[in-house]
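According to Swiss-Prot, the protein carries these features:
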type	residues	note
ACT_SITE	Lys33	active site
BINDING	Gly13, Ile14, Gly15, Lys16, Thr17, Val18, Glu100, Gly101, Ala102, Gly103, Pro184, His185, Val186	ATP binding site
BINDING	Thr17, Glu100	Mg(2+) binding site
Amino acid sequence: MSTRIVVTGTDTGIGKTVFSAALAGALDGFYWKPIQAGLDDETDTQTVLRLSGLAAERVLPEAYRLRTPASPHLAAELDGVTIEHQALLVPEKDRPLVVEGAGGLLVPLTRTITYLDLMARWRIPVVLCARTALGTINHSLLSVEALRARGVAMLGIAFIGEENVESERIITEMGKVRRLGRLPHVAPLTRDTLREAFADGFAIDDFLKGPA
C-alpha cells in the first residue's frame, strides 16, 4: 500500500487546502476531500485541481457535496442528507494519497461523530496545519493534545503564514512534534508559485518516512 496522509488544521480557513494542493502535487499522488460543505464558490477539490498540477483523475470526487458552507453536520441536515460515516473508507491507491479534512479536529460530521473520531478510526498519520499568527500557540498545542489523546499518529506540523520563529519553536518544543516546514502566503497564487514556495519550505522525504 502506498503512503496515505491526512491533512487537518487547527481551525478553518488557515490554508490547508492550498497546502494540500502543494503536498499532493509534490508527491505526484492523489487528493481526496471526503466531505465538501459549500458549493457556491470554488470548492476545495476544484482549488486543488487548479493548483496541484495533478491530472483530473488523480483528484478524487467527494463522497458528500453539501450546499451550505457550514459544519458538515448542519450542512447535511439542511440538505436532508445523512452522512454515513462508517462508509467513509480511505481509498487505497498505487501512489501517495492526501486526504483533507474540514475545519478543525472537533468539527462534527453528525450529531455524535467528529472528524477526530474518523481519524482515530482510520489510523492514518496526520499533518497538522497551523497558523503563524497570534493565538496559534494555544490552538496548536490543544490540537496536538487532542490527537495524542486519541492515539492518532502525527507526521508533524506545517506552519502557514509569515515567519514567527518564537511561536513555531515553542509549539514544536512543548508539543514534542516535528516541524515539517512553513508555507508563506503566496501571491500571486498560481500552480508554479505554489510549487516553488512548497519546495523552498519543505523536504518531501519528511512526508514519506512515517511519524516522528
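Heads up, the Cβ atoms here are built off N, Cα and C, so glycines get one too.
Among the binding-site residues Gly15, Glu100, Ala102, Val186, the ones whose Cα sits within 10 Å of the Cα of Lys33 (active site) are Glu100, Ala102, in sequence order. Ranking the binding-site residues Gly13, Pro184 by C-beta neighbours within 10 Å puts Pro184 at the top. Applying an 8 A CB threshold to same-chain residues 6+ apart, the list for Gly15 (ATP binding site) reads Cys129, Arg131, Ile160, Gly161, Leu183, His185. Glu100 (ATP binding site) falls within a strand segment according to DSSP. The Cβ of Ala102 (ATP binding site) has 23 other Cβ atoms within 10 Å, all protein chains considered. Listed in sequence order, Val18, Thr193, Leu194, Ala197 are the same-chain residues at least 6 apart in sequence whose CB falls under 8 Å from the CB of Val186 (ATP binding site). Binding of ATP is attributed in the record to Gly13, Ile14, Gly15, Lys16, Thr17, Val18, Glu100, Gly101, Ala102, Gly103, Pro184, His185, Val186, and the widest Cα separation among these residues amounts to 22 Å. Listed in sequence order, the residues of the same chain lying 6 or more apart from Thr17 (ATP binding site) and placing their CB within less than 8 Å of its CB are Asp44, Thr47, Val48, Glu100.
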